[in-house]
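In what follows, a structure is listed as structure tokens, so that the remarks can point back to it.
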Amino acid sequence: WGMKYFWDTLLDADLESDALGWQYISGSLPDSRELDHIDNPQLEGYKFDPHGEYVRRWLPELARLPTEWIHHPWDA
């Protein structure tokens, strides 16, 4: 169900990448990721989008937030 949902909603859907990505995340491939490693979206945002440009583009509801709150708007 997850892959179908993303296939229907992604702007850049790609059958090969999406199918393998879902198998990798589900742990059904021999080299799948460890289940004890879960990414933290807030920390990833600070690391890869420190000024919140991505968030502001794709979440217009948050576009006017000051940069200091962009990755944790619930604290604003």
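Placement of Cβ uses the backbone N, Cα and C atoms for every residue, glycine included.
Computed from a predicted structure; not experimentally measured.
Quick look at what TrEMBL annotates:
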{"type": "BINDING", "residues": "Asp12, Ala13, Asp14", "note": "FAD binding site"}
{"type": "DOMAIN", "residues": "1-75", "note": "domain 'Cryptochrome/DNA photolyase FAD-binding'"}
I want the residues beyond Asp12, Ala13, Asp14 whose C-beta is within 8 angstroms of the mean position of the FAD site's C-beta atoms, in chain order.
Trp7, Leu10, Leu11, Leu15, Ser17, Asp18
Treating G and I as helix alongside H, and B as strand alongside E, what does DSSP give for the domain 'Cryptochrome/DNA photolyase FAD-binding' (1-75) in helix, strand and coil?
43 helix, 0 strand, 32 coil
Fewest-neighbour residue among binding-site residues, criterion Cβ within 10 Å, set Asp12, Asp14:
Asp12
PLDDT averaged over the residues of the domain 'Cryptochrome/DNA photolyase FAD-binding' (1-75):
83
